[in-house]
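Record features (TrEMBL):
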{"type": "REGION", "residues": "21-49", "note": "region 'Disordered'"}
{"type": "COMPBIAS", "residues": "21-40", "note": "compositional bias 'Basic and acidic residues'"}
{"type": "DOMAIN", "residues": "84-152", "note": "domain 'N-terminal'"}
{"type": "DOMAIN", "residues": "256-316", "note": "domain 'IrrE N-terminal-like'"}
{"type": "REGION", "residues": "377-396", "note": "region 'Disordered'"}
{"type": "COMPBIAS", "residues": "377-387", "note": "compositional bias 'Basic and acidic residues'"}
Amino acid sequence: MLSDNPILNIDFIEDGNIKQDNELENSKQKESTLKTEVKETSQPTKVSSNEKWTVKEVEEQKAKETDYFKQLVEKADKEIEEIFHKPEELKNFFAFATTLQNNYSSRNLMLIHQQFPGATIVKSFTEWKREDLSVKKGEKGIKIIRPLVDEYVVINNNGENQKVFKKNWTRDIWQKIKNNEIEVYEDLLGFKPANVFDIAQTNLPKEEYPEDYFNDFIDEDTARLKFNELVLSELKSFVKEKNIELKPKASLGQARGLTATNDLGQKVIYLNEHNSTKENIVTLLHEYAHIKFNHSYKTTERAECEYQAEMTAWALAKTLKVDTTENSYKYIGRWLQTSNVVDKRKWMDETISTLKVIRQELNQHILKSIETRMERKKELEEKEEKKHKQVLSLKQ
């Protein structure tokens, strides 16, 4: 089963490369010594008798890192803006975003895609180390952006509300927080570069990578059944588990499906009786996405609702090895024409986040389905074996 990804604890390794543990330790000591010496003197000095870097050299190195990272981010933002006009690239990017098992913004996903297109699971050096895994020597870090967040409380001071940040909290404030008397807020101060590493950059053997049960499901059944019918059957079972009713409907005209709420407050997905099996797959995924997004045309623009639902449906269908690209992109293209770049980036971030939630739900359902079929197969084999023994005993 796929393991849950813990919240990333990202450490920025300044040169972007992994060193041996003792070299890392020396690097940390060097940085600590440097900070101490900067405080003690304003003159650039050698860090120690056996070190060659001066304060000026360190600052120059940091400036180079900052410039390089700024260029990376600008390139990522530009590609996100342009990608909506290039259906093939948009398709490839979403396929990558679906595969990567981390919850990142579209900007960070694009940064990873630019630097390591084959990434599947990325974590910080520290996070891999906590899992008793090492990043291989010489591997270059994948740069992403890490938000700088500070906590604060709001205190009434002479009739005026005043922000008090964590470093200035008094014992009285700490006690009020502990007693839930005041609320703690977070303030985004900015961003800084951080390094992550893909699982392929670690010493974990490939055969020990986390399993993906989509592949097990596909490999087991493709040869024996009409694949699209099998996928549709599993999807119907999946949505019914979510207490969603499925009904065929002949009066939908050109619409492939719709979602409604019955008198009991239960969601109902209607599928056009004239749909093909493939159309039913993407329609079922599309309508389920509407439900997961909690879409309503009353509160959300229709263009946003339809873009998010269809892009989610396309990406999930692709994961299930059902290609709906041509029809999906014609449909998506109509809604993209009515939106601006800011809308698109917001839609993309929300779509990627919800897409990963649904993918994990499907993964768990498929795992359970595999286990059920294996149990049934075992029961049938045991019955056949028992029957065979009975026949043999009668012959004797």
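Placed from the backbone N, Cα and C atoms, the Cβ positions cover glycine too.
TrEMBL: automatically predicted annotations, no manual curation.
Here the structure is a predicted model, which means the values were calculated and not measured.
Residue counts for the domain 'IrrE N-terminal-like' (256-316) under DSSP, split into helix (H, G, I), strand (E, B) and coil, are 32 helix, 11 strand, 18 coil. According to DSSP, the secondary structure content of the region 'Disordered' (377-396) in residues is 19 helix, 0 strand, 1 coil.
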